[in-house]
Structure formats: C-alpha cells, structure tokens
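Reviewing the structure listed below.
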Amino acid sequence: MLEVDGVRAGYDSTPILRNVDLSVEEGEIVGVMGKNGVGKSTLVKTIVGLVEPDEGTVRFDGRDVTDTPPHERARSGMGYIPQGREIFPDLTVEQNLRMGESINDGSSALLYEDVFDYFPILDERRGQKGGTMSGGQQQMLAIARALVANPDLLLLDEPSEGIQPSIVQQISEDMRAINEDLGTTILFVEQNLSVIRDMADRCYAMERGTIVDELGATDLEDEETIASYLAV
Amino acid sequence: MAPGVDLLVQFFPSFAKIVLAATGLAIIFGIMGVINLAHGEFIMVGAYATTLAYNGALGALPLVPVDPIGVLPGAVQLPAAMLTGVLVTALFGLVVERTVISGAVPNWIAERTIGRPVVKPMYDRLLDSMVATWGISLIMVQLVRNLYGNSLNGIGIPFGQFSYGNGLSISTYKLVLAGVAALVLLLLYVVFVRTDYGMRARATIQNEGMAKSLGVDTERTYMATFALGSGLAGLTGALYAPLQTIVPGMGGGFLVEAFVAVVVGGASVVVGTLLAGGLLGFVYALFANVWGTFAGRIMLLVVAILVIRFVPQGLSSLVERIRDRWAEVS
C-alpha cells in the first residue's frame, strides 16, 4: 500500500532523512520508533507531501505520488494526524470535523456522525472551539478529523506526545479498534515504549535519519529490545 | 435643528466610505497575508469599468452587435453597469493573482522552458507584496491615463436629495451606500461562517499545512480570495462612480480610509471592519462637519495612532477578549 524508496529529504540545505526505505502492507499497523531528532516527523511529512524529497520515491496504492501535492494525496486516501494535533483553534469541534469530511466522496464506511461512537466526548463538545480543549481531547479530535475523510492509510506523528498516560493507553486501544473495524492501515512514529508495544504489528527503528532495523511481533514483546532504540 | 441630527446624517456616508474602501483590502490582507497597495487602483478599475459600460463602451467592443446596457430599461442601466464594474475588477484581480501574486503563470512558462520555477508566491510576504503591488499601481494609473486621457464623463448621481430640515439636505444615494455597506458586511459574515469556501479560508489562515493535508487546495482558496477582494474593490469603485470625478488617480482618495480601517479593525475582517467603520465614521463625521474634510482625515490618522498605541491588535481583538472571558464565566 505504501512504499518509501531511497528517500533523502530535509529543510533548505540541511539534510534530515537519508536513504530511507520502508513499506506498509494493507491492513497493517506499522510503527517507526526513534529518539527525538532522528527525522521521524520529517518522514511522515514527506509521505504526506508537506516536505518534498530531494531524492527517492513515495508510492501509494501502486501510484508514484512523489510529485503529487498534499491535498491530492489526502483526496486519494491518506489521513494525517500531526504531532501536536494541529487542531484549527478558532473553528469549533464540528467545523474541524467538517473540514475533514469535506473530501469524503460519500462512499465511506465512516461518516461524521459515526466517529462519535468512538469519541463520545466530541459529541458533547460539538460547539466548543478546538483551541480550548485539553491535549487528549484534541488528539481524539485530530484522529476523528482524519477518519471522517475515510482514509485508507492513517499517518500518526507521535500520538502520545503531551498527553496524560491513561489517555495514551486509550488512544492505542482506539487505533487498534479502528484498524480492526474499518480495515484502515496505520503507520505511526513514536518514542513512547508502551504505545509501540501496544499498537504495532511490526516496527522500524530509526537513527540519524535512516532506518537501521526492523522488529517483528516477537521482538516487540521484549521491552528491553524496544528500549535499546529509545534510550538516550 | 439640533446639531446631533446633522452629525447623525453625516455619519452614514462616512461609515459607508470607510467600510466599502476597507473590506477588499482587509480580506486579502487577513487571509493571504498580502498587502495590496494597488487596492485604490482596483477601486479605480471598478469606477472606470462602470462608467465606460454606462457610457456605451461595451457596444464598441468587437463581436458585440449592440450595446447590452443601452438596450436595458433605464432604471437598471446603472446597476447593470455597476455589475460590469465588479466583474471586470474581479477578473482583473484574478489575472494579477495568477501572474504576480502567486507567480503561477511565470512559473508555468519557466518550467516548460528552463525546467524550474523562477518565482515564489507572495503569500505571507508583507513587504515583498507591498513593493510588487505598488509597482502594479503605478503601471495601472499611467496605463489608464494613456488609454482614456485625464478624465471620463461622469454618471449623474441617482435618487436626488434627502432633506432633513432647516434647509439642510444630503444626497439620498449617500445614505443608500451606508445600507449597501452594512449589507456587504452581513454577506461577508455569512460567507465566512456558513459556506465551505469560508471554512476553508479560515482553516487556511489558521494552519495552512494542515488544511492542505485535509485535502484543501489552498492555492485555489487564495485565488478565490483575491478575486473576492478585488471584486469588493470593484464594487466600491462602481458605487462611487456617480459621486466622484473619474480620473486615473482617484484610487488614492480611498487608500487612507482603507488602511486606517484595517489597522484600527484588526485581524477579524467582518467584526473589525464594522467596528472601525463605526468609530472612524463617527470621528470623521464629527471633525469634518466642524472643521472641514482635511481635519476629518487628520483625525482618522490620529485615531489610528492611538489604536496602534493602546490596542495594537485592533478593535476586533477587544471583542475576542470579551468573548473569551464570557466563555470562561459560563
């Protein structure tokens, strides 16, 4: 479903990613772990199209999308849940969701009303401005906003960042449920050990801008293995 | 006759001029981060297109067998000419946006000849956009002078006079303009709060990258915004065509009001322009009434300086603050 091949990318002349290869099959939940500053966010932004790679290709659903602008990638089925949520602060919960829904072509399984089944708190807060909600609620809104567009692939950038531990676990469970119920493929980047363990079917390890290892399901049961890639 | 009535009557035309002069500028600045120094010249385009259309210039175009405005019943000739003015200015704005502001046309050509884009869009580059649009304004004034000479035959003021006692009277049309200004603000409110375009525009201002990754074609939003702002400038020119001498430099007469209103109003287009129009319209009416129009314009600038000093985010930020406090209490 997603193939990243030999990608080199950065901002202006500072290279951040070098020769990154990874692939995600349909229906999988794949993690990318690594410490702060190894290039995880840049990797997600390159896949979404907000960062243009200097070299390499991104293929999505069998099509080369390397030169496709981000709004077209979104329309072809990529959903992006960025680091720090990036809720539209002055739009209400309902308007934030409508922004996501506006590219849903109507053929979807999940529409705007249905996301309230997963995140009932959003239903109670429909009229509230996005900027006034807590971090955990904003994370739910960001996930819901991506879901209402009915994406085939969800990309999450550090879903646990800045959120209290009890909600972090709930979000991991929600993501697994969404993957099972809707068949949505998920790629997430993370440095929180428990999220990686709870969510990922398999996981790539990233260091200094490139993929250095790949961990399967059995490796992910061993917390020390995960920790060795996250330790400072 | 109480002086209060006279002041009240004088308030309406001041309010109308400030609001109508400012809305187009405010929208383009607020949504695109572009300061359009050619805003006055866009108003001039609207006035010229309206006047020319009214005087039968559409019939002089090739492939137009009969002047379309001349065959209309008399009562709708002026509105039809004004609509032409709005559309021509919106279209002109679209051309400026594609060629200069977004650089899409030069980049399209460059990519097919030298293989790479040559210019970056002017979005959110305040100073660069000021220089570019100032250049456009100079070209426009001279071009219009070369094409149409130093002035055009004007249009008569419709609706006659409205008398309010003691031999005092005012052109009814000037009062009608205040109604139009209020209507424009109301329509803009509806556009920004209720339509898909408005929601996309607001989302794009708040977080452009996120809007893109939710499928918003932000370039199209910018294009539509510039056309809308230009169309509003065109409307201002069209509405003031009967009141003004139609000369190439007439746009300058709107620029002070427009910029002062945007500074005083602040970030929120509708609320800011409404409050700025109210305050500045009152101040202008008061001082212009007693000491003449020069004093009125000086006082507009004094108000702008005071607002920058004490409410640098503009009057609409006061409203936001009050609203946030309410939200906390309730």
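From the backbone N, Cα and C atoms, a Cβ is placed for every residue, glycine too.
Because TrEMBL annotations are produced automatically, they should be read as predictions rather than curated entries.
Look at TrEMBL and you will find B:15-35 (among others) tagged as transmembrane segment. With a cut-off of 8 Å between Cβ atoms, the residues of this chain six or more beyond the transmembrane segment (B:15-35) that come close are 42-43, 101, 122-126, 129-130, 133, 174, 177-178, 180-182, 184-185, 188, 201, 204-205, 221-222, 225-226, 228-233, 235-236, 239-240, 254-255, 257-262, 265, 267-269, 272-274, 276-278, 280-282, 284.
Annotated transmembrane segment per TrEMBL: B:42-64 (among others), in sequence order.
What TrEMBL lists as transmembrane segment is B:76-96 (among others).
Positions annotated as transmembrane segment by TrEMBL: B:126-144 (among others).
Counting residues 6+ beyond its ends, the transmembrane segment (B:172-192) has Cβ neighbours under 8 Å at 9, 12-13, 15-17, 19-20, 23, 27, 157-162, 198, 201-202, 228, 232, 235, 239, 242-243, 269-270, 273-274, 277 in the same chain. Marked as transmembrane segment by TrEMBL: B:172-192 (among others).
The feature transmembrane segment is assigned by TrEMBL to B:222-242 (among others).
Residues annotated as transmembrane segment in TrEMBL: B:254-287 (among others).
TrEMBL lists B:294-311 (among others) with the feature transmembrane segment.
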Stretch in B:42-64, B:126-144, B:222-242, B:294-311 most in contact with the transmembrane segment (B:76-96), if contact is a CB pair under 8 A: B:222-242
Two-stretch contact, the transmembrane segment (B:42-64) and the transmembrane segment (B:222-242), at least three Cβ pairs under 8 Å: yes
